Amino acid sequence: MADFEDRVSDEEKVRIAAKFITHAPPGEFNEVFNDVRLLLNNDNLLREGAAHAFAQYNMDQFTPVKIEGYEDQVLITEHGDLGNSRFLDPRNKISFKFDHLRKEASDPQPEEADGGLKSWRESCDSALRAYVKDHYSNGFCTVYAKTIDGQQTIIACIESHQFQPKNFWNGRWRSEWKFTITPPTAQVVGVLKIQVHYYEDGNVQLVSHKDVQDSVTVSNEAQTAKEFIKIIEHAENEYQTAISENYQTMSDTTFKALRRQLPVTRTKVDWNKILSYKIGKEMQNA
């Protein structure tokens, strides 16, 4: 073991550790981090070398965070990344510092970053909040307004999770939606992601995603936001229904096929006559 460790450079150790961390199941970052910490046995190397992995994990997972003094939680995403561990909360018009390891927000400061699209962002944010409240019992959303490659763009992010470690499962829903404000019609692009980990007497993960494309009529802010949410609702309902139907089909067919109906001999054992079988006699003589 010592010879192997001597052959592996610190850079390679950090790379392996970072990969474990970025692939941690939802709600299990701390468990994976603690395991990696024991394996690496070098806290300074882990914190300095794998810091980017902590940040990448939180942004990929749309980690929600509560900022002291503000009611709504905001999502940690690449779209809100301002650099130097600071992130944007467009709804509350602030930026804040985020500790990727402790998952805590601090130092809120005023920040205007809607790219001159305040009314568009607020209309979409208001409509999306109502949708998330109706459809996700533990859901959060953040809406950004940016100018990307010269195009005014709305980006909507949704996160909802259920962490049930006592029941040996954790799961998270994420979706991201974009459209450019280009009348009369704009393309809507979305990606939906589901990740669930079940680990009682086994280790099963569901990792699924779906890409969506649609179009929305761009008129005034309120009407466009309403049509935007209709597209989101239809696509997400359709995806969730398809996932449920697929699991029902798997339960009725695939999983049943995994269970052996008869022993290898293709003959059922008559337990009332077990003593007449050779194995029964051998057991009796044992």
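Cβ coordinates are placed from backbone N, Cα and C, and glycine is handled just like the others.
So that you can see what the record holds, here are the features copied from Swiss-Prot:
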type    : residues : note
MOD_RES : Ala2     : N-acetylalanine
MOD_RES : Ser9     : phosphoserine
MOD_RES : Lys19    : N6-acetyllysine
MOD_RES : Lys97    : N6-acetyllysine
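All protein chains included, Lys97 (N6-acetyllysine) registers 15 other Cβ atoms within 10 Å of its own Cβ. For the modified residues Ser9, Lys19, the greatest number of Cβ atoms within 10 Å around a candidate Cβ is found at Lys19. The residue listed as 'phosphoserine' falls outside any helix or strand according to DSSP and counts as coil. Distance between Cα atoms for Lys97 (N6-acetyllysine) and Ser9 (phosphoserine): 32 Å, as a whole number. Put simply, Ser9 (phosphoserine) is 16 Å from Lys19 (N6-acetyllysine) when counted between their Cα atoms.
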